[in-house]
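Enquirer: This is the feature table in TrEMBL:
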type	residues	note
SIGNAL	1-21	signal peptide
DOMAIN	113-458	domain 'Peptidase A1'
ACT_SITE	D131	active site
ACT_SITE	D341	active site
REGION	468-511	region 'Disordered'
COMPBIAS	477-495	compositional bias 'Polar residues'
Amino acid sequence: MGIRFILLDLLFVLYISCALCESTLYSAKLVHRFSDEAKAHHSARVSRNGAGIVDRVGDADAWPKRRSLDYYRRLLSSDTQRQKLKLNPQFQFLYPSRGSVTLPLGNDFGWLHYMWIDMGTPKVSFLVALDAGSDLFWVPCNCVQCAPLSSSYYSSLDKDLSEYNPSGSSTSKSLSCSHPLCEFGLNCENPKQQCPYTVNYASDDTSTSGVLVEDVLHLVSGHTNASNMSVRAPVVIGCGSKQTGGYLNGVAPDGLMGLGRGEISVPSRLAKAGLIRNSFSLCFTEDDSGRLFFGDQGVAVEQTTSFLSSDGKNLTYIVGVDSCCIGSSCLEHTNFEALVDSGTSFTFLPGQVYERVVKEFNGQVNALKSDFEGYPWQYCYKTSSEGLPKIPSVTLKFATNNSFVVHDPVFVIYGTQGAVGFCLAVQPTDEDIATIGQNFMTGYRMVFDRENFKLGWSRSNCQDLGEGGRMPLTPSADGTSPNPLPTTVQQNSPNAHAVGPAVAGKTPSKSSATRQESSYFAAKFFFIMHLALHTCLYKYAL
């Protein structure tokens, strides 16, 4: 107790000394967001950065006049958005009104996953592709050059696809060039004209162009207290009048839902409206079906890795892979960055990494290498009369020993008598950044947690993501990690150490509690003394 009083006395003297220090006043000028000064600053930014800059307010000509109706409307809109950000989201998660199930439609539709969605008033149904690698949600609309929409053109469809007509929907609204989400707004002749858009995709000569509109997307709530509640969520839609490339040859003929990190994407609009958390999940099963849930932030037992920025910007879902493992062998010099993209059917690796991976896979697989005409992969094998051999696992190792075990790295080739061969469904790319496609995500609930800037994954059959509001994913029965590292990594991992099980509710002994209390008191004192001393010295320096 004596030591405590001495410490308190010293602390008291220190604060008295600092109280005698000469006080210093600081000031800053407040500028209203719609003042003349702010307008001048905005105009200077536009002049300095050119037409590429996109501002929340729009161009200078659209600056609201003080005390006008537009002035107060914009202030109120800003206040409303701030209030929504302060509140908890309205729903635990949302999914399209036609169900959360995604559909694989095979080669006719580019091997992508699709889902039926309802849009507009009255509702019109669209079969849209899901793409985590892009932002815009677009559908064929007022078509000048679109893919065929008749079901007779597609072997897997039993009804015609739809074309969106904005004038036929009572909830449709045009987006002007002055809208914050109009990327090409500064190129418009008049800020009030309808906002044009053009999106070019990575595939050769594949693009969509048209104008932007706003309409409602029909969703269903998965909140436990609001089961099956219908939700009409306003989203931005590309009225795609002209498509090129793959979009005219079977890929996304009825539109595409961009799930990227841009402000215009559907997840971004739902989160900004305060409907859900800023996150979503995709789940792909081994029978090629799947699920989509907006607002899903995963489970505590999932493994995670952080998203990386590209050129200083957080625009896409890029992760850093430390190394690749084939079976129990982890390969050196196989680190790379990868875009996680549900809009890519298969996986691409940088050239040098690809060569090391396929060489090791080829050495471990017990099958005869062969060629199959029409298939793009270089490493294909014949099956024996006994069927598929044991396939070596492919593992992506991340920081802190988190690992992603690819459960479906091969594409099986079937003939009239069953499986005749298989290929390692990985291709090389000349790009520095790899692409993790749908085939590597099979068997996982992939959580794109944009709020916490991380990718999560956990093993799932996608059936326990029920549409009744419950999402009871639990650890494996034996308590082991759902994605154990290969044996060689577990044994040789640096900084690995065993941690004993926690004992809940156990009270420390009296001597232990005393030591902890004394240590805490002393640590707290020295921290306060250090902070106060620096404050005092800083004031004297001034």
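Cβ coordinates come from backbone N, Cα and C, glycine included.
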Enquirer: Report the mean pLDDT of the predicted model across the domain 'Peptidase A1' (113-458), rounded to a whole number.
Expert: 93
Enquirer: Between D341 (active site) and D131 (active site), what is the CA-CA distance rounded to a whole number of Å?
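Expert: If we compare the Cα positions of D341 (active site) and D131 (active site), the gap is 7 Å.
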Enquirer: Counting across all protein chains present, how many other Cβ atoms fall within 10 Å of the Cβ of D131 (active site)?
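Expert: By my count, 23.
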